[in-house]
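Novice: Marked as transmembrane segment by Swiss-Prot: 13-33, 46-66, 73-93, 101-121, 146-166, 226-246, 262-282, 298-318.
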Amino acid sequence: MIFSTLEHILTHISFSVVSTVLPIYFFTFLVNLDEIIGFFDSSDKGIVITFFGITGLLFTRWIYSGHFPLSNLYESLIFLSWAFSIIHMVSYFNKKQKNYLNAITAPSAIFIQGFATSGLLNKMPQSAILVPALQSQWLMMHVSMMILGYGALLCGSLLSIALLVITFRKVVPPFWNENIKTKNLLNELFYFDVYYIKERNSILLQQNSNFSFSKNYYRSQLIEQLDFWSFRIISLGFIFLTVGILSESVWANETWGSYWNWDPKETWAFITWTIFAIYLHIKTNRNVRGIHSPIVDAIGFLLIWICYFGVNLLGIGLHSYGSFTSN
């Protein structure tokens, strides 16, 4: 009873704090109020409180249930929200410049936690005895790496999608201008790196001409930060996803006698891994660097949700123990 009450208190505290912080982040991000230092710092401290609240929630559930809290969809969503909070903490300690990563991590954490604590999953918060397939020491290793990988890849993909939107708004012609052909638009979209390098050089020239605070310069700095963080966060998420898939193979061999069973969850995880491997290849290989890598990220963003929720919605395969239909 005590653990259950404590769990509810921590859930409400973390959700209330992050709900209060979210409008502050959107306001400071859109209006660009750098002079309101205390206002922005207070929102950062709110996310720190949320991080410790979710951490306490997970530890409380761990002690109460007697196993690592990653046995169903509700617990994995809370852990995913915690993963976004960790990514936010990284940007919190980077005080050298204004970081737009916060505008992605804060709403992601609140939306995921809000969905987990909503009425859609009202039967799942109660902790239950693990099914035999999950009673293994590989549970913590495999599932935690996969969820951390999902969180990092989702965050990096959202940054790339934001980069894609900014680029699309720049190159898309007005609907009344018939002189600009669709082919030119597609060339701009699929060869973004070349376009970005040209614009950055142009902005540097403007900076030398005392136009460093112009609208184009501000936009260039935004694009540079989005590209910087998306590549590094996706690289980290790719490592987590790789370790998660490898640990799953070892666990599957111990449980079912086969390293790979082409289960729907395994298949979609492999497809997701392949897409982000292509993205990293594009970013690190100069010969194919002209391809618009954020488009690959956008595809990967959709694949992650298919991999994460697809099996749970269908309720099929070896990973159907945490599905909606099973509850």
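Backbone N, Cα and C atoms are what each Cβ position is placed from, and that goes for glycine too.
Note that the structure is a prediction, hence the values are computed from the model and not measured.
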Novice: Can you see whether the transmembrane segment (46-66) and the transmembrane segment (101-121) are touching - at least 3 CB pairs under 8 angstroms, only pairs 6 or more apart in sequence?
Specialist: yes
Novice: Using a Cβ cut-off of under 8 Å, list the residues of the same chain at least 6 residues beyond the transmembrane segment (226-246) that approach it.
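Specialist: For the transmembrane segment (226-246), the far contacts come to 87, 91, 99-101, 142-143, 145-146, 148-157, 159-160, 162-163, 166, 196, 266, 269-270, 272-273, 276-277, 279-280, 283, 294, 297.
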